[in-house]
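Annotated features, as they stand in TrEMBL:
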BINDING   Gly110, Thr111, Asn112, Gly113, Lys114, Thr115, Thr116  ATP binding site
BINDING   Arg384, Asp408, Asn409, Pro410, Arg411, Gly458, Glu462  meso-2,6-diaminopimelate binding site
DOMAIN    22-93  domain 'Mur ligase N-terminal catalytic'
DOMAIN    108-312  domain 'Mur ligase central'
DOMAIN    334-460  domain 'Mur ligase C-terminal'
MOD_RES   Lys219  N6-carboxylysine
MOTIF     408-411  motif 'Meso-diaminopimelate recognition motif'
Amino acid sequence: MKLRDLIAVLDRPVASGILDTEITSVIYDSRKAGPGAVFVALRGEKVDGHDFIEKALKAGASAIVAETAPPAEGSTPWVHVRDSRFAMGELARVVSGDPAKQLLVGAITGTNGKTTTAFLLHHLLNHAHLRCGLLGTVVYDVGGELKTPTHTTPEAPELQGLLKQMVDNGCRAVAMEASSHALELHRMSGVKVDAAVFTNLTQDHLDFHGTMEDYFIAKMKLFDMAAANPKGKLIVNSDDVWGRRLVDKFKNHEGLVTYGLGANSTYRAVNPRYELTGTTFELEFKGRSLLARIPLIGQFNVYNSLAALATAHALGCNFRDSVKAMQQAPQVPGRMERVTPDNHGFHVFVDYAHTPDGVLNALASARGLKPQRLITVFGCGGNRDRIKRPLMARAAEEYSDVCILTSDNPRMEDPQLIMQDAQKGFAKTSHVLIEDREEAIHTAIKGAKAGDIVVIAGKGHEPYQDIMGVKHPFDDRKIAKRLVEREIRIKGEKRLEARELRDQRDGLR
Ligand SMILES: CC(=O)N[C@H]1[C@@H](OP(=O)(O)OP(=O)(O)OC[C@H]2O[C@@H](n3ccc(=O)[nH]c3=O)[C@H](O)[C@@H]2O)O[C@H](CO)[C@@H](O)[C@@H]1O[C@H](C)C(=O)N[C@@H](C)C(=O)N[C@H](CCC(=O)O)C(=O)O
Ligand SMILES: Nc1ncnc2c1ncn2[C@@H]1O[C@H](COP(=O)(O)OP(=O)(O)OP(=O)(O)O)[C@@H](O)[C@H]1O
Ligand SMILES: N[C@H](CCC[C@H](N)C(=O)O)C(=O)O
Ligand SMILES: [Mg+2]
């Protein structure tokens with residue numbers, strides 16, 4: 001496509017140089033530059049992409065998009081824009097042929113529950129024979145082909161490329177997470193959103209957004225996008241206080257639907273029953289009531305299921321069929337994932353709770369299963385929101401009988417200092433500090449007795465531990481399974497030894 005045609009989509013660009021240049025890709029990293037690429041200079045948190053324009057050109061980039069005017073001399077194709085991140089979204093969309101136009105786009109935002117709801121929606125849409133892609137924290141599925149994610153919501157050029165692959169692979173829909181970073185940084189700009197879903201808003205990412213209000217404003221952008229689509233649907237958790245603000249803002253929008261456990265929701269769950277193997281509840285909708293069963297644990301998964309069901313319905317799936325299909329919902333990797341066999345004496349769950357509210361919800365769910373004792377292993381990530389650390393400790397001890405505070409991904413920080421930050425939130429004394437995460441998990445499992453539940457929170461599906469920028473292989477689920485098997489073996493051996501001793505003693509009598 002010619003640069004001239006491509007930039008027609010931008011708002012008042014100031015272009016110079018040869019505009020008939022052929023453009024085949026949009027990039028924002030000079031190290032990936034080559035012929036056919038338009039390099040978009042982004043002002044970053046660490047460096048300024050404008051400082052890499054020369055490098056991009058030397059590497060063969062065909063054109064530049066920048067927030068600065070071109071140097072006086074030179075004939076480089078150059079497009080001067082007001083906001084290069086926003087421009088990048090539009091350019092990436094057009095270069096990829098606007099794939100979202102050919103897909104039903106269900107996008108989920110909120111502090112917690114995005115991944116789970118996206119997985120559930122993906123399941124329901126596939127079940128309704130709407131071949132569906134999935135983009136989020138755990139996996140990118142572009143229609144049968146799986147990829148390891150770089151971000152929860154990737155940068156615009158990658159995002160548009162993935163959507164295009166979905167279209168090429170015959171997908172008709174996509175279930176995607178819209179992170180607040182992505183919304184703030186215009187990674188989704190230009191994407192046509194058919195259904196915007198709001199799960200909840202609680203404290204996280206204040207290092208990036210500064211205040212809860214700004215964090216909320218970032219999330220709200222997804223709803224402006226859906227509201228701009230004449231067929232757009234807005235699906236909101238009306239039990240959440242921030243959700244109610246969304247409801248208020250869009251109360252006159254005909255695509256607005258709500259869900260929750262509260263009395264006035266469009267989709268409402270009542271009488272939930274929580275068991276080790278799943279949850280049942282009655283689902284009320286327009287005076288009808290259906291019995292729903294999900295193989296997922298905890299009240300928060302009732303919310304995630306309601307969100308997915310309401311969205312699938314809004315996107316045209318048969319409601320009754322979807323409710324039935326929820327019985328076969330997939331286990332979301334690392335979200336209250338049980339690693340112990342059904343008949344085991346105590347149970348171990350691996351969960352991704354890494355916010356105060358996430359921890360509270362995960363542990364409340366475990367409590368709902370009525371354990372003898374609840375043993376929690378958790379830590380806080382480095383180089384991220386520091387304010388949440390003591391709040392996570394507070395949340396952990398609220399429901400736990402024993403808390404083992406350990407290291408999560410310390411990244412470039414000292415794990416001892418992160419733990420000290422968190423420790424300030426403990427009001428009681430029933431906690432232990434063990435920096436080595438494997439040792440912490442081992443201590444919890446060794447100490448667990450029949451009837452107990454161990455929750456290992458924070459890293460869920462992550463297969464690594466990020467220490468000083470190096471990702472060391474580390475998987476809570478694999479480690480917990482291995483340690484449980486070891487305990488079973490040791491206990492078995494001890495029982496055998498005791499029996500042999502008894503037999504010997506009896507033989508001696
Ligand atoms: C806070 C944040 O989101 N940062 C994003 C931001 O990085 P940055 O502002 O620090 O960029 P920078 O390193 O200063 O570089 C500025 C520009 O110079 C360019 N550059 C740099 C060096 C060079 O040699 N050549 C060159 O062209 C870079 O490619 C970039 O375009 O822009 C980068 C490129 O556009 C992103 O990759 C990066 O995501 C980083 C990796 C990240 O960790 N983001 C996380 C926090 C994130 O986005 N998380 C959310 C999920 C959050 C949730 O759980 O809800 C997500 O969607 O994944
Ligand atoms: N609806 C919910 N409300 C509150 N907590 C939830 C909800 N759903 C999940 N959680 C908790 O939050 C954790 C993260 O869930 P999930 O991965 O689905 O959310 P997410 O929004 O995608 O998170 P992230 O932004 O980190 O990717 C879960 O492991 C669980 O402990
Ligand atoms: N999406 C989350 C992941 C946190 C996972 C946790 N294990 C940590 O490292 O803090 C974030 O970027 O804050
Ligand atoms: Mg996620």
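The backbone N, Cα and C atoms fix where each Cβ goes, and this holds for glycine too.
In TrEMBL, annotation is done automatically, which means it is predicted and not curated.
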May I ask for the residues of the chain that lie six or more residues beyond the motif 'Meso-diaminopimelate recognition motif' (408-411) and have a Cβ under 8 Å from a Cβ within it?
354, 378-384, 418, 437, 458-459, 462, 464-469
Between the Cα atoms of Arg411 (meso-2,6-diaminopimelate binding site) and Thr115 (ATP binding site), find the distance and write it as a whole number of Å.
23
DSSP says what for the domain 'Mur ligase C-terminal' (334-460): how many helix, strand, coil residues?
45 helix, 25 strand, 57 coil
Return the member of Lys219, Asp408, Asn409, Pro410, Glu462 nearest to Lys114 (ATP binding site) in space, with distance defined Cα to Cα and candidates limited to these recorded positions.
Lys219
Among Asn112, Thr115, Thr116, Asn409, the binding-site residues in question, whose Cβ has the most other Cβ atoms within 10 Å in this structure?
Thr116
Binding-site residues Thr111, Gly113, Thr116: which have a Cα within 10 Å of the residue listed as 'N6-carboxylysine'?
Thr111
Those binding-site residues in Gly113, Lys114, Thr115, Pro410, Arg411, Glu462 whose CB falls under 6 A of ligand 4, listed in sequence order:
Lys114, Thr115
Nearest of the binding-site residues to Gly113 (ATP binding site) by CA-CA distance, picking from Arg384, Asn409, Pro410, Gly458, Glu462?
Gly458
Per DSSP, what is the residue count of the domain 'Mur ligase N-terminal catalytic' (22-93) in each of helix, strand and coil?
23 helix, 17 strand, 32 coil
Sorry to bug you, but what's the C-alpha spacing from Asn112 (ATP binding site) to Asn409 (meso-2,6-diaminopimelate binding site), rounded to the closest Å?
19
